[in-house]
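Novice: My questions all concern the structure below.
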Amino acid sequence: MSVHMNRDNDVFAINNFRSYLRINTAQPGAQYGPCVDFLEFHARQLRLRLEKLEIVSGKIIVLMKWLGTEPDLPAILLNSHMDVTRVFDEWDNDPYSVVRGGEDRVYARGAQDSKCVGMQYLEAVRRLKLANKRLKRTIYITFMPDAEIGGLDGMYKFVHSPHFAKLNIGYALDAGMATPDDDITVFFGERCFWNVRIHCPGDLGDGSLILANSAGEKMTRVLKKFFTFRLEEMQKLKDNPEWTLANVVTMNLTKIEGGPDLNNMLKSEFVLIFDCRIPLERQNIEDFHTTMVQWCRDISGDIRIDYLAKEQQVPHTQLNDKYWRAIKYEVRGFDLEIHSEVFPGRTDRRHLREIGVPVVGFSPIIRTLPLLHDSDEHIDIENFLQGIRIYYFLLSRMGNLP
Ligand SMILES: [Zn+2]
């Protein structure tokens, strides 16, 4: 029996996976120490060179290296993140105890996002080594901190470090999302994230007055305009069954601020904060800024827009090269269909794309409800094991591309 099908290896991989899931790395305030120790132990077992990069204090980036036989070829990066999102109630068990699910299934925070792929990468490399395979290209395996909170102290700092430039990464793989059917979804792009602030000024005055120039009136009209647009986007999503969230502009009011902080005073200003995600396909995103400015101007000349965050338009990863063909070939070899989409949320991949590294996200988890950030996040053991085999063959192919 080959090493990628061996029962002992499977048990070993499942145990490692369970141990990794038991390490609580929940945001906010994720503590990485025990997680890094765990990964360091495994890197040593696998004889992979490990570096701990601490660009920001406490935010350790774990970088493992498997040297290729032709190390001048561009390397392959296998990325996942150590942190997980916090848990809200409604779990049947402690999400870090990994006691539920028995032989067939693992319930735990991080089971899908993204501790599964982290362990699958390591196990695939271990099995390649057991089979005495050497790959031409160098393989790097990274475990990132803070991916769940924007990656500014993790992947962002990493890709802009002198260290990263030396790695010569040709292509990167990252986690994606489970799919309810037999298709594996590969994510090749993201929408742009803007955190928009709309300042609606008005005349200060006592709460007993009825002033014409009131911040509340302007705010109401801004809300009406923005929410009408939101409804139109919702309708477009309904009218186009092939669309996903990633095809529409989402615009959500996430906060209202205003002052002075007195309940019996008219406000000198209300500030509306919107979370906006803009698909690159729909428009040049700067046009969207112009559109919003125009909406505000139509209401009142003194309404002002600024940004808490305003991401640039980062091109998607093109799906037309030899790496992409390798991914398609190997995934289809498992009788799985492959399907490509823009990711609805934000991930560390955008930091890689920003500096021109092609990267796709996918998790080989099929026939499973996508439950990232949700209650009762789980993965079937059979799925987890199949994922290891997929990476085993995929790495053999990608790592040997000329
Ligand atoms: Zn996540």
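In case you wondered, yes, glycine gets a Cβ from its N, Cα and C as well.
Keep in mind it's a predicted model, so treat the numbers as computed, not measured.
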Novice: TrEMBL has Asp113, His373 down as binding Zn(2+) 2; which of Glu90, Glu148, Glu341 does it also list for that site?
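Specialist: Only hit among Glu90, Glu148, Glu341 in TrEMBL's Zn(2+) 2 site, alongside Asp113, His373: Glu148.
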Novice: Note the Cβ centroid of Asp113, Glu148, His373, the recorded Zn(2+) 2 site, then list each other residue of that chain whose Cβ lies within 8 Å of it, in sequence.
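Specialist: For the Zn(2+) 2 site the neighbour list reads Val84, Thr85, Ser114, Leu372.
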Novice: Pull out the binding-site residues from the set Asp113, Glu148, His373 whose C-alpha sits within 10 Å of the C-alpha of Asp83 (active site).
Specialist: Asp113, Glu148
Novice: Near ligand 1, which of the recorded positions show up if the criterion is a Cβ under 6 Å from one of its atoms? Options: His81, Asp83, Glu148.
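Specialist: If the test is a Cβ under 6 Å from any atom of ligand 1, the answer is Glu148.
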Novice: Let me spell it out: for each of the binding-site residues (His81, His373), count the other Cβ atoms within 10 Å of that residue's Cβ, using every protein chain shown. Which one has the most?
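Specialist: It comes out as His81.
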Novice: If I take the alpha carbons of Glu148 (Zn(2+) 2 binding site) and His81 (Zn(2+) 1 binding site), what is the distance between them in whole Å?
Specialist: 8
